[in-house]
Protein chains: 2
Amino acid sequence: MSGSMSGKVLVAQGGGPTAVINQSMVGAVLESRKFRNVEKVYGAFHGVRGIVDEDFLDLTQETTHNLEMVAQTPSSALGSTRDKPDLKYCQEVFKVLKAHEISYFFYIGGNDSSDTVRIVSEQASSAGYPLRCIHIPKTIDNDLMVTDHCPGYPSAARFVAQSFMGANLDNWALPGVYVGVVMGRHAGFLTAAAALGKKFPDDGPHLIYMPERTFVIDNFLADVKATMEKYGRCVIAVSEGIHDEAGVPIALKLAKEVERDAHGNVQLSGTGALADLLCDEIKSKLGIKRVRGDTFGYLQRSFVGCVSDVDQREAREVGEKAVQYAMWGDRDGSVTIHRTGFYSVDYHLTPLIDIAGKTKVMPDEFIADSGTDVTDAFRMYLRPLLGSKMPDAYRLRQNRVPKILGV
Amino acid sequence: MSGSMSGKVLVAQGGGPTAVINQSMVGAVLESRKFRNVEKVYGAFHGVRGIVDEDFLDLTQETTHNLEMVAQTPSSALGSTRDKPDLKYCQEVFKVLKAHEISYFFYIGGNDSSDTVRIVSEQASSAGYPLRCIHIPKTIDNDLMVTDHCPGYPSAARFVAQSFMGANLDNWALPGVYVGVVMGRHAGFLTAAAALGKKFPDDGPHLIYMPERTFVIDNFLADVKATMEKYGRCVIAVSEGIHDEAGVPIALKLAKEVERDAHGNVQLSGTGALADLLCDEIKSKLGIKRVRGDTFGYLQRSFVGCVSDVDQREAREVGEKAVQYAMWGDRDGSVTIHRTGFYSVDYHLTPLIDIAGKTKVMPDEFIADSGTDVTDAFRMYLRPLLGSKMPDAYRLRQNRVPKILGV
């Protein structure tokens, strides 16, 4: 096969790692190696930072077998970065791309990374440098526009669902209140996945708090109280991004120091503060003794051994499609996933301007009127993404023995 | 088959749930149902609490198929309790056992639960009530005496190993310091399991802190600094039970309120405080910006979908053996596991007095001289317990591209 331009391919990975981000990288590498106009396939270490530093691996000298093994390994095998290139940064990028005769740039990442691709694409265009730039989607937050869902999300969602399935069983055995804090700054998709761990009507999570709804502490306490009265226990899924009516994150209200990344985002993960605050509120205001909080943290995006096979397959395909769009097409863009059946998908190339730097949140039809649960529409949306062989939880049947002594 | 005494069997589960505790329960139930002297098999809801409350399920009316499904479900299907019976409590227990003509009592639990079995056994003996009492071991802490290891530990250890395998990959992609806090009040077995997530020499966890060694904050900071200088990143496994030279838990030093359970144990789990404290120390004293902490919390004992098949098999067998010892033997005791090969085990019935209320910690031969790593002896001890199909992590090979512009 032969694409339009001769030259080298460069692949890089940006933002937070996922369980399947290497599937996309390997998909792009193996597909690129089929094109005879492709001289070599390079990988940049640690995203755009590796380009500026000329820190490249020659992936044409990697075996297919090892690439397949790496594809099944979670987290970014090329390393990642949180850098967001400005004009000066981009000038450095071009200098390196030109020197190494890179003609195709594939960047795997979320909305911040898609914005990086947009800037690089625009800079290349205005500099008259022939460079095909394709953004390959990836994010556990599932918050990219246009695409039906984002590779990486289904596997993280599966981890969250399996976690709450277990947390519910644990909480049933030793009743009390359990608070599980899930990643997701603006979008509640990952937190909402907790609902898929529920089987029986009285199972938890009994309450789900997503950042799409204002978090009111008094309402929260009333919800917990009502659930305790109904079931004698309460399992709660909370997004790290929950905020008050003024938009101030609840986690921020109590944090002593605020850490921000290069994109100006407040650091919400990597601390158990939100879970501890909510547990303290429940203990002190409701007088409940057994209150436990977990912050799922990095486990939910990097745990080895919990992956959706549907997610693996699609992550591979968006990497392959990115190369096909680059070689046979005539424009830059972002690869998007479009649902065509229950369950089947197709892929499109969407203009970068429709994706870059924008954030999708949970649509109203996915959130129950109560604001503390999801709808069946969401369950139908997520279920096929979780893939095959989902674990299941069973109960003993209630063949009660009549009391002899008791009342 | 016919055992020595006629009457009913009662099975109960105590203490913290594990991934395989229902295997032991189902093993005991199905084995009991084979004996014609067994009139019925009851299960008590929520351990000894359910006995006092006469809260029994008739497990003779449960299908074998559903029991097998429940066996594969994590957490205690009969519910659990933290109650520790005193004399008065035991008098209530006997009243109920007599009324329901219980002749065989099987209690699945850790060292607190084995102490409960010991008290009940002694009370029955002094009251002249014919009751066979067998303790079936279970604890993710792996801290029971005599037995080579405890059912429940291998699956939790597998979760911890897989978690650190992923955390290491994540930390490699976005370098910095990562602190993962693992359960284990006195024994470091579960924290030490983090070492089994390591493949390459530069992989994390680079530092492992177990409660068997005194935790000195200045030494900790020096260790982290040295690791950062060597690898540019640092992955740390910390037991929740680490303490200073006076024996004061590090978590306790900063906790505002201390919560104790019915056994007088300080509540260390269900809060992210220790991880946050250690991260704050590293940030402020070493000036490292990217420092993240996770507390594995309840995920490590209740996550659905991460189980060791060796653990499943052995948990089933200790339940079966308990019934066999009760029916064919003439004394009470605790079922213990004894290693006979690499890898094979046998089972014994050990006197309750040798187990009850005692705690085993990591032997010196399992801890490296540095105090921050495990030995090969420990790796050989744990590896077969993790079971088959352990995930593996692969890397890209380092075919570096020569720099054109750079130095």
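Heads up, the Cβ atoms here are built off N, Cα and C, so glycines get one too.
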Per TrEMBL, member of B:E240, B:E245, B:E365 binding substrate alongside B:T139, B:I140, B:D141, B:M183, B:G184, B:R185, B:Y298, B:L299, B:Q300, B:R301: B:E240
Neighbour count (Cβ, 10 Å) for B:T139 (substrate binding site): 28
Cα proximity to B:E240 (substrate binding site), best match among recorded positions B:G16, B:N111, B:D112, B:K138: B:G16
Mean predicted confidence [pLDDT] for the domain 'Phosphofructokinase' (B:8-325): 92
Alpha-carbon distance [B:T139 (substrate binding site); B:N111 (Mg(2+) binding site)] in Å: 8
Cα-to-Cα gap, B:G16 (diphosphate binding site) vs B:T139 (substrate binding site), nearest whole Å: 7
Euclidean distance between Cα atoms of B:K138 (site 'Important for catalytic activity') and B:G184 (substrate binding site), Å: 14
Least Cβ-crowded entry, counting other Cβ within 10 Å, from the recorded positions listed as B:K138, B:R301: B:R301
Subset of recorded positions B:N111, B:D112, B:D141, B:G184, B:R301 within reach of chain A (CB-CB under 8 A): B:R301
Inter-residue C-alpha distance, B:R301 (substrate binding site) and B:D112 (site 'Important for catalytic activity and substrate specificity') (nearest angstrom): 17
Listed recorded positions (B:G16, B:D112, B:G184, B:L299), ranked by Cβ neighbours within 10 Å, top entry: B:G184
